[in-house]
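**Student:** The following block contains the structure, expressed as structure tokens.
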Amino acid sequence: MSEPNEVIEEFETYLDLEGKSPHTIRMYTYYVRRYLEWGGDLNAHSALRFLAHLRKNGYSNRSLNLVVQALRAYFRFEGLDDEAERLKPPKVPRSLPKALTREEVKRLLSVIPPTRKRDRLIVLLLYGAGLRVSELCNLKKDDVDLDRGLIVVRGGKGAKDRVVPIPKYLADEIRAYLESRSDESEYLLVEDRRRRKDKLSTRNVWYLLKRYGQKAGVEVTPHKLRHSFATHLLEEGVDIRAIQELLGHSNLSTTQIYTKVTVEHLRKAQEKAKLIEKLMGE
């Protein structure tokens, strides 16, 4: 077998040619490097022992699932498709995504000072365009067409570009934010406190949302805002296939989980109304 560093470099090139996103490449190479350093061999039996080792060290099924994806890609890279097929991911229970109510989104926006245009825009883009946090941070000025009200999300999950229409209100917010900036950064959102205006980091987005969420009394994450976008669209009667395209889901089944959220929303509304109970009580 080649030296681990040499193998990892070749594996990175393979993943790039496969069209994997930079985030996926980083994740896969991290786990494969750990596997090789652990002394893993090129077979599913060795990989299963590695997974058992990780489980003993506290890895959840969800985390192990990511490791399996990385190792299967690595085995295919080595031309061992049969070994890749033998390596099955552990079952991960699919929990319903948690969405904020519209009132909670309003509360969140209300605690952001008017002078913090960037912070307000972060919330509006995650909720109003359904972006992933990595997509938000990677947006460049050239990806936004304010006149036509469009955002081009480049290299989303699966390294696929998609076009997301935005309402005039959101386009105006973007324009106001850009007019308040004097830097020459190519990125739509930048770090505020640094002299050199680098692109905004995902970690800072999480931090900002946590801080504003505490002020508003709302538990919020970037994913929750994206989930809220999808759930509220569905509640307004938007076709699920349109929501699939807006979210950038390759499979409709991934989007269909939101129908369960909406059914629960309807069930609660029905239980609150108590129509039958009131009828039978009369």
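Placed from the backbone N, Cα and C atoms, the Cβ positions cover glycine too.
What Swiss-Prot records for this protein is below:
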ACT_SITE  R132  active site
ACT_SITE  K157  active site
ACT_SITE  H223  active site
ACT_SITE  R226  active site
ACT_SITE  H249  active site
ACT_SITE  Y258  active site, O-(3'-phospho-DNA)-tyrosine intermediate
DOMAIN    2-79  domain 'Core-binding (CB)'
DOMAIN    95-271  domain 'Tyr recombinase'
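Give me the structural setting of these features: burial, nearby parts and distances.
**Tutor:** There are 19 other CB atoms within 10 A of the CB of R132 (active site), with all protein chains counted.
In the three-state DSSP scheme, R226 (active site) is classed as helix.
All protein chains considered, the CB of H249 (active site) has 20 other CB atoms within 10 Å.
In terms of DSSP helix, strand and coil, the domain 'Core-binding (CB)' (2-79) has 61 helix, 0 strand, 17 coil.
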**Student:** Rounded to the nearest angstrom, how far is the Cα of H249 (active site) from the Cα of R132 (active site)?
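**Tutor:** R132 (active site) and H249 (active site) have their Cα atoms 11 Å apart.
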**Student:** Round to the nearest Å and give the CA-to-CA distance linking H223 (active site) with H249 (active site).
**Tutor:** 14
**Student:** Quiz question: given the active-site residues H223, R226, which has the greatest number of C-beta atoms lying within 10 angstroms of its own C-beta?
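**Tutor:** It comes out as R226.
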**Student:** Would you mind reading off the Cα separation of R226 (active site) from H249 (active site), to the nearest angstrom?
**Tutor:** 12
